[in-house]
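Enquirer: Shown below is the structure under consideration.
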């Protein structure tokens, strides 16, 4: 407890102070006149994103019964940190920089999306990193993701929408790379049993995870359509995503039942698989001309994702040019591994293996804790 | 269960895709380019205007209805999970059925309005799901979704196109229809073995809190639900304001009455979860009419009052005397307030706030909604009664574990105990 605290408050306060200074000197609000309608539209999309990031991703991973608090709260923390850094980074990287960068709703929107990459990756080291490690990870990942988008833009001539749709692949492999470095075998059997006990499902955390899933599910059309400018394309994206993800839900549920010898449905399958459709259709969905193609895609995504292979990349490979994809994968893996190595350094005082997946290491606990 | 359910679901899904291939297409781009020069506002404009409303409806359907039903202590997974499943299937099927009905079997275009209406249609199924909650299998629910949406679309077509009645918040066509359909199915599927109640049919502390999540989301977004398909401008504005005040008035009444009907004056969580929403249902039909806010508040209060009284007196009466067991009490939340909504619209037209639909049309709409619902429900119930659909045994009603992989641990089985040693609460990190 002490070690996390003493390291955390110093680091975070320093970072926050630095942010405030940079924001003070280098940013200004958008003072140009805009009509009310575009402003409202941008604000609505931003709200959808914030809901997805804070509620959706926060609760999606809260299914570990002894790690709910950390999941939700650390998620919010990383989001807040990531957004600030991403706003600055986008400002430095994208516009020709002239002393002051201008912050408007669309730059915050982009920043929220970038910060989401950190939230996705955090899922793969869930319960194994402390808050300082997560903070470092968020900063590094947002930087790497910003760099990747810039390179994508210049090397492959992609627009914002396409490069942003690599977020899932990038974040997934970043997370995998990190998890490779951070995973440690457990020393003996007693501790393994203790660990297994923490992995048991429990009703309330699973339901909370379902809440997160539903929020992601509902707002996925906004996510996929946000960065497109053409109203017609936007509309198509919303329709395609809507039907794809509905189909992948039905398919995932039935395949989950098929997987079990008594035909029982697994809730964890549902959590992950229903979203597979939305991810799979992401990059290409403004090009799909009629609903049934999107629905077939959803069917495939639903089938594959339960089969256990990586639905995300499978859905992608079918759809987008492989060069940029492998670039995203390589970027993700490479920077993930580096970050993992960085996080492995002793200075972060990582929680010891036996304390993995446990809220008690980080929180003041209620006096009457049920089930502990 | 394993093969029957999976194959049926995938089969239905493939059928949907084939039907979409045959009949559904997007609005083509040339529409919009033509409209740029035309005088009428372009379609994309209405898309951007309606999209936020669509999302609000989406939240209500998936989070609102889903979590509202999680109040049973062992049935949370099914409530949320099956809710998601049947809504996802239902919205596809509703798109098809409505599209085919409105174009008389031609190819049809999909727009944002169609998506909102598809979501609306699934609401009717979810309401009926509430009535039979805990007593059916997922296979039966798939079947009910298909049958109910077909009947629903027919009735809606009848009300909107033939009677030309006004039902902006769909109190009659969705709420009353869904409730009476569900009641009819529940009546046919009545289980004599559960006459004395079931040990799993009760809530625990945390399951009631989960249900409250659903209530709050429904409550917050109800104005969007009632105004989503209203004409922009005055109609939409009035629909929002009326619903808002009706809901607010309803809440106060419900708290008061709930405290009143209990001897020691304690509030009942079931009333708070459900009856507080009755105001939104009841004001639905006349929400866009030029009724004054105080009238909306009166409608909301009456709905709240009736709803609480329904939970207190009517539900036990239904379960014991009429042999209709209504798990969520959808009759009190959707059925009665839906009827109140229909009557209120008739009264409002009698009061002269609107002239386009006549009283006779509204009455016919109310009658046909309830009539088709009961008939459709009875037929559906008979089909669902065929002992082929893997119905749960009486003993396993209201239990997730028949159809879901469930945790070995359940919170309510563990006694709450206090730590004797304070140090246990604050372990150190090495």
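Cβ coordinates come from backbone N, Cα and C, glycine included.
Sharing the features that TrEMBL gives for it:
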- B:44-403: domain 'Ammonium transporter AmtB-like' (DOMAIN)
- B:6-24: transmembrane segment (TRANSMEM)
- B:50-69: transmembrane segment (TRANSMEM)
- B:75-94: transmembrane segment (TRANSMEM)
- B:115-133: transmembrane segment (TRANSMEM)
- B:139-160: transmembrane segment (TRANSMEM)
- B:172-190: transmembrane segment (TRANSMEM)
- B:210-229: transmembrane segment (TRANSMEM)
- B:241-261: transmembrane segment (TRANSMEM)
- B:294-314: transmembrane segment (TRANSMEM)
- B:335-353: transmembrane segment (TRANSMEM)
- B:359-384: transmembrane segment (TRANSMEM)
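How about a rundown of where these features are and what they're close to?
Expert: Note on the transmembrane segment (B:50-69): residues 75, 79-80, 83-84, 87, 112-113, 115-116, 119-120, 122-123, 126-127, 129-130, 133, 210-211, 213-215, 217-218, 221-222, 224-225, 227-228, 273-274, 328 of its chain, located 6 or more positions outside it, place their CB under 8 angstroms from a CB of the stretch.
Within its own chain, the transmembrane segment (B:75-94) has Cβ neighbours under 8 Å at 9, 12-13, 16, 20, 61-62, 65-67, 69, 115, 117-119, 121-122, 125-126, 129, 133-134, 138, 141-142, 144-146, 149-150, 152-153, 200, 207, 210, 398-400, 403-404, 406, counting only residues six or more beyond its boundaries.
Same-chain neighbours of the transmembrane segment (B:294-314): 241-243, 245-254, 257-258, 261, 268, 270-271, 274-276, 278-283, 286-287, 329, 331-333, 336-337, 340-341, 344, 348, counting only residues six or more beyond its ends whose CB sits under 8 Å from a CB of the stretch.
Remote same-chain residues near the transmembrane segment (B:359-384) are listed as 128, 136, 140, 143-144, 147-148, 151, 154-155, 158-159, 163-167, 172-173, 176-189, 285, 338-339, 342-343, 345-346, 349-350 (criterion: CB distance under 8 Å, separation of at least six residues from the stretch ends).
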Enquirer: I'm checking region-level scores; what's the whole-number mean pLDDT for the domain 'Ammonium transporter AmtB-like' (B:44-403)?
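Expert: Taking every residue of the domain 'Ammonium transporter AmtB-like' (B:44-403) together, the mean pLDDT is 89.
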Enquirer: Could you tell me whether the transmembrane segment (B:241-261) and the transmembrane segment (B:172-190) are in contact, taking contact to mean 3+ Cβ pairs under 8 Å with a sequence separation of 6 or more?
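Expert: They do not touch: fewer than three Cβ pairs between the two stretches lie under 8 Å.
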Enquirer: Are the transmembrane segment (B:139-160) and the transmembrane segment (B:6-24) close, by which I mean at least 3 Cβ pairs under 8 Å that are 6+ residues apart in sequence?
Expert: yes
